[in-house]
Each structure stands twice: as C-alpha cells, then as structure tokens.
Amino acid sequence: MGKNILLLLLGLSFVIGFLQALRCLECDMLNSDGICEKGNSTCEAKEDQECGILVVSQGVDILFGMQDCSSHCLNKTFHHYNLTLDFTCCHDQSLCNEF
C-alpha cells in the first residue's frame, strides 16, 4: 500500500512539473553589458509562444538587446551592412533567454 501511494505522488509531481508555465525574461533594452535598462520583468509564454532574445552587434561589439515572450520566434542571424541581428529562441526551461 505504501508503495502505491509513493508511486501516485511521484506521478503527480511529474505531471505538475510538466504543466508549469514557461516563464521568460522580458526586457525592452539590454545594454552592451547585458544589463536591462528598460522594462525589466518576466512574462508567461502563451501556448504558441517561446522565450526569445535579440542581440544587435557591430563587428565584435554588442550594441543592445531585447528579451521577450515571442509568437514569431526564429533561430536566425541576419547581416545588414555592418550590423548583425542574432535572434535566438528557447522553450526547454523557464528563463532560458538569459543574455
């Protein structure tokens, strides 16, 4: 009987852990040191969202970044003249879009 209760509790803990919502870091303006200067908070990703981060750089110098819950997230890097825009998405764990 004790084993059955233990297995039931273990199964429930897995279900509860699985059902926890994905939380993402949210920042409207990350400076070049990765410090949020505007809009520092977290957001709860909806069903069609994941955590996203955008880092804009020029050569090896990071200019600024942004973090959010994103519906249209892509893992892609774009080059435009001398600027690089690096979009990264994640959904494997909460707060995974850390700078």
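Backbone N, Cα and C define each Cβ position, glycine as well.
Which of Cys24, Cys89 pairs with Cys51 is settled by Swiss-Prot: its disulfide partner is Cys24. In the disulfide annotation of Swiss-Prot, Cys43 is paired with Cys69 out of the candidates Cys27, Cys36, Cys69.
Swiss-Prot names the disulfide partner of Cys89 among Cys73, Cys96 as Cys73. Packing around Cys96 (disulfide bond) is summarised by its Cβ count: 18 other Cβ atoms lie within 10 angstroms of its Cβ, all protein chains included. Among the disulfide-bonded residues listed (Cys24, Cys27, Cys89, Cys90, Cys96), Cys24 has its Cα nearest to the Cα of Cys43 (disulfide bond). Proximity to Cys27 (disulfide bond), judged by a C-alpha distance within 10 Å, picks out Asn40 from the recorded positions Asn40, Cys51, Cys73, Asn75, Cys90, Cys96.
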